[in-house]
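Asks: Please see the structure below; I have some questions.
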Amino acid sequence: MLYRRNPQLNKNGELIHLLSIEGLPKAILTQILDTAANFVSVNNREVKKVPLLRGKSVFNLFFENSTRTRTTFEIAATRLSADVINLDIARSSASKGESLLDTIANLSAMAADLFVVRHGESGAPYLIAQHVAPHVHVINAGDGRHAHPTQGLLDMYTIRHYKKDFSNLTVAIVGDVLHSRVARSDIHALTTLGCPEVRVVGPKTLVPADMAQMGVRVCNTLEEGIKGADVIIMLRLQNERMSGALLPSSQEFFKSFGLTNEKLQLAKPDAIVMHPGPINRGVEIDSAVVDGTQSVILPQVTFGIAVRMAVMGIVAGNEA
């Protein structure tokens, strides 16, 4: 019954695909975070490898541009001793009109074991998961505006690392929430892990109308949104996904919602500042904050390797 309700889980409730944080039980999120904690030390070894995925083939399919996500997935799979194949979409048959499912079918014929997929269309990883063989696993590396589950998980790992638990935290998510798959994944993860107050902060034009239904507090001024916050997650303006005049200008946005050291004083003294990247300095966040003592943006990237190792190791170890 669990498998029918959630295509990410097998009949025993074990994770076989990671498509979205939404709908996953707290126990699975905790399992991933705990497993990631064990992998963090691998990054500090002289030989940065474990044999967990030896003999497995991992295909990275990035239909959208990426630096951090693609690179950390490649590093994670390599450190698990997998064979990693990065498909060059621009030079593949997909650029000649081959359908997504035909691409997957052909790669599956090459004995793929795991697909890491980033796609501009929401739901694309779900479609792939429905059409792969039972022994093949799918990880969503970002689909449209829908979800970015491994970013959400590495954000949770970062928060837990610095704040220990979620039970008394106030977390503010600031910026272009409307177009952000990261915001949605973070919100689902935070609520599942028991964070008592999640605030969504941004101009009305960049906050979805139904956001309050997700159990968050909507704030339309930065000052209200970050006052007393323990964690501030800044989001970039996704101009490539915008249509119409949602903002007067990036300069006006920075004036109202850009995080500066002066505004950061409104948060708790030990607040941490996060950002999923890429960062637009001087648009959503000032360079002094990015490079300041409360920024944990680079540790997020480091933790992302361990989290993605954990996800790949867990899904590859479970059968449909």
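Glycine is treated like the rest: Cβ placed from N, Cα and C.
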Asks: Among Arg45, Arg91, Arg118, which residue shares the carbamoyl phosphate site with Arg68, Thr69, His148, Gln151, Gly277, Pro278 according to Swiss-Prot?
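Replies: Candidate listed by Swiss-Prot for the same site: Arg118.
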Asks: Looking at the binding-site residues His148, Arg181, which one has the fewest other Cβ atoms within 10 Å of its own Cβ?
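Replies: Each of the binding-site residues His148, Arg181 was scored by Cβ atoms within 10 Å; lowest is Arg181.
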Asks: Using a 10 angstroms cut-off on Cβ to Cβ distances, just flag whichever of Lys96, Arg118, Arg236 is the loneliest among these binding-site residues.
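Replies: Candidates: the binding-site residues Lys96, Arg118, Arg236. Fewest Cβ atoms within 10 Å: Lys96.
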Asks: Can you give the largest Cα to Cα distance in Å, as a whole number, for the residues Arg68, Thr69, Arg118, His148, Gln151, Gly277, Pro278 that bind carbamoyl phosphate in the record?
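Replies: Value for the max Cα separation, rounded to a whole number: 16 Å.
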Asks: What is the set of residues, excluding Arg68, Thr69, Arg118, His148, Gln151, Gly277, Pro278, whose C-beta falls within 8 angstroms of the centroid of the C-beta atoms at the carbamoyl phosphate site?
Replies: Ser66, Thr67, Ala141, Gly142, Val182, Pro276
Asks: What does DSSP say about Pro278 (carbamoyl phosphate binding site): helix, strand or coil?
Replies: coil
Asks: Least buried of the binding-site residues Gly277, Pro278, going by other Cβ atoms within 10 Å?
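Replies: Fewest other Cβ atoms within 10 Å, among the binding-site residues Gly277, Pro278, is found for Pro278.
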Asks: Residues with Cβ closer than 8 Å to the Cβ of Arg68 (carbamoyl phosphate binding site), same chain and 6+ apart in sequence?
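Replies: Sequence-distant Cβ neighbours: Gly277, Pro278, Val301, Gly304.
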